[in-house]
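S.K.: Could you have a look at this structure, given as structure tokens, before my questions?
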Amino acid sequence: MEVEAGKSVCRSAEVDDDGRIKRTGNVFTTTTHIITVVVGAGVLALAWAMAQLGWIPGIITMIIFACISIYTYNLIADCYRYPDPINGKRNHTYMQAVHAYLGGTMHLFCGLIQYGKLAGITVGYTITSSTSLVAIKKAICFHKRGHRAYCKFSNNPYMIGFGVLQILLSQIPNFHNLTYISTVAAITSFGYAFIGSGLSLAVVVSGKGEPTRIFGNKVGPGLSEADKIWRVFSALGNIALACSYATVVYDIMDTLKSYPPECKQMKKANVFGITAMTLLFLLCGGLGYAAFGDHTPGNILTGFGFYEPFWLVALGNVFIVTHMVGAYQVLAQPLFRIIEMGANLVWPRSDFINKEYPTKIGSLTFSFNLFRLIWRTIYVAVATTIAMAMPFFNEFLALLGAIGFWPLIVFFPIQMHIQQKQIKRLSLKWCVLQLLSFVCFLVSVVAAVGSIRGISKNIKKYKLFMYKQ
């Protein structure tokens with residue numbers, strides 16, 4: 001009896017109250033995951049967004065997006081457990097939470113948006129990585145041959161190389177094994193953001209900065225009123241994407257230890273992560289715009305606003321690639337997991353889907369699963385092929401931001417909160433929440449329209465798979 005009791009104590013120390021693996025995450029690790037996801041290469045596109053909006057609208061827009069994000073992500077944190085935020089049953093995915101609070105139809109809508117956006121972001125990260133790898137080669141080329149030299153290279157080989165690396169990393173079984181990768185990615189994200197900001201600051205301090213305006217790029221011979229409006233719409237999409245981690249919020253939250261309550265820890269991490277994010281956004285966006293004015297490139301490190309010191313430009317792009325390697329997995333793992341959970345439910349007795357094969361290579365011990373190996377490899381290959389066919393940095397980021405902002409960051413959190421707190425229909429709070437949701441819906445629509453127009457214009461300019469940067 002004593003032996004059985006001892007085994008029971010050991011098992012309880014290794015698992016949570018619902019029988020799942022014991023969680024050890026805390027506010028620090030959660031903040032790290034948030035920063036890894038939100039401080040992506042999109043931060044380097046914020047100078048371009050600022051150039052379209054101008055100083056006052058640009059700064060106000062970033063602050064408003066940050067405030068909305070903190071509020072709605074805190075609502076999401078309270079819905080991690082159902083029906084009580086402290087003692088209720090855990091929802092391990094965003095879809096589970098939506099299903100618990102809003103029912104089956106909303107559950108399907110949420111899944112379509114969430115996992116569609118995750119898939120899109122992995123394509124976007126493949127584009128970003130190849131763009132930075134080409135930028136490293138161009139920095140060396142310009143340094144050796146001069147700034148007017150022909151230094152254009154195909155992105156395709158770099159996308160393929162990045163895809164091969166992601167096929168290997170995708171065999172990491174689950175999100176809980178990504179802490180070290182996520183930490184390295186978060187550190188490098190600050191590295192390239194500070195390099196971009198530092199180079200911009202050097203231009204401004206040297207007195208070589210371009211003229212800027214309160215309301216952004218001036219309409220004139222090179223910019224029609226219609227193009228100005230479309231660019232503003234696309235800029236809103238870029239900022240919206242930069243604020244987003246809703247696609248993996250519950251996967252991040254599911255790493256938190258159960259005491260203190262997950263919702264309280266997550267709210268602190270939301271504040272720390274989004275505050276750090278906003279300060280970095282304002283720094284990069286503001287300094288980049290101050291340096292380049294109307295000629296601000298789509299990405300201040302890959303658009304070659306800077307040529308020297310070439311090694312620092314190259315180092316910044318190395319940091320971008322390093323970050324993309326980790327961030328790709330942080331965002332792809334939830335997509336991998338939902339497909340594998342579904343396959344397990346449909347074919348619970350299939351060895352092909354469920355059997356693990358322990359393997360040892362030297363001192364390295366790991367296990368692989370045939371279904372995981374084949375399906376994840378196919379997924380990465382398809383994402384890489386799509387990226388090679390449509391390598392447009394700013395427009396693609398803007399479209400992803402527009403698609404996910406309203407439903408995932410605003411609509412679902414507000415509707416779940418209304419249901420959880422039983423807020424009466426047409427009460428003052430209900431009306432205010434619905435107004436906020438409607439305004440954000442309009443922002444998503446105009447941002448999506450602007451980015452789609454930008455993509456359609458670019459597609460007409462080049463042949464598929466023949467893009468050179």
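Just so you know, glycine gets a Cβ as well, placed from its N, Cα and C.
Nobody curates TrEMBL annotations by hand; they come from automatic prediction.
Source: prediction; values computed, not measured.
Pasting the feature list from TrEMBL:
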| type | residues | note |
| --- | --- | --- |
| DOMAIN | 24-454 | domain 'Amino acid transporter transmembrane' |
| TRANSMEM | 27-49 | transmembrane segment |
| TRANSMEM | 55-76 | transmembrane segment |
| TRANSMEM | 97-115 | transmembrane segment |
| TRANSMEM | 121-140 | transmembrane segment |
| TRANSMEM | 178-205 | transmembrane segment |
| TRANSMEM | 229-250 | transmembrane segment |
| TRANSMEM | 271-290 | transmembrane segment |
| TRANSMEM | 310-331 | transmembrane segment |
| TRANSMEM | 373-390 | transmembrane segment |
| TRANSMEM | 396-414 | transmembrane segment |
| TRANSMEM | 435-456 | transmembrane segment |
S.K.: Counting Cβ pairs under 8 Å that are 6 or more apart in sequence, does the total for the transmembrane segment (271-290) and the transmembrane segment (310-331) reach three or more?
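M.R.: In this chain the transmembrane segment (271-290) does not contact the transmembrane segment (310-331) - fewer than 3 Cβ pairs sit under 8 Å.
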S.K.: Taking residues 6+ outside the transmembrane segment (229-250), which of them lie with a CB under 8 Å of any CB in it?
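M.R.: Same-chain residues near the transmembrane segment (229-250) but 6 or more away: 33-34, 37-38, 40, 42-43, 45-46, 48-50, 52-53, 61-62, 65-66, 69, 73, 76, 80, 91-94, 96-97, 114-115, 117-118, 121, 175, 216-217, 223, 273-274, 277, 281, 330-331, 334, 394-395, 397-402, 404-405, 408-409, 443-444, 446-451, 453-454.
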S.K.: Under 8 Å for C-beta pairs, could you tell me which stretch among 27-49, 97-115, 396-414, 435-456 has the largest tally with the transmembrane segment (178-205)?
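M.R.: By the under-8 Å Cβ criterion, the transmembrane segment (178-205) pairs most with 27-49.
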S.K.: Six or more residues out from either end of the transmembrane segment (373-390), which same-chain residues have a Cβ under 8 Å from its Cβ atoms?
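M.R.: Hits for the transmembrane segment (373-390): 119, 122-124, 126-127, 130, 155-156, 159-160, 162-163, 166-167, 170-171, 332, 335-336, 339-340, 396, 455, 459, 464-465.
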S.K.: Would you call the transmembrane segment (121-140) and the transmembrane segment (435-456) in contact, using three or more Cβ pairs under 8 Å, pairs 6 or more apart in sequence?
M.R.: no
S.K.: Please report, as numbers and ranges, the same-chain residues at least 6 past the borders of the transmembrane segment (396-414) whose CB is under 8 Å from any CB of it.
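M.R.: Tertiary neighbours of the transmembrane segment (396-414) are 42, 45, 68-69, 72-73, 75-76, 79, 94, 98, 102, 106, 109-110, 113-114, 116-117, 120-121, 123-124, 127, 234-244, 246-247, 390, 433-434, 436-437, 440-441, 443-445, 447-448, 450-452, 454-455.
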S.K.: At a C-beta cut-off of under 8 Å, are there same-chain residues at least 6 beyond the transmembrane segment (435-456) that contact it? List them, or none.
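M.R.: Distal contacts: 68, 229-234, 236-237, 240, 390, 392, 394-396, 398-399, 401-403, 405-407, 409-411, 414.
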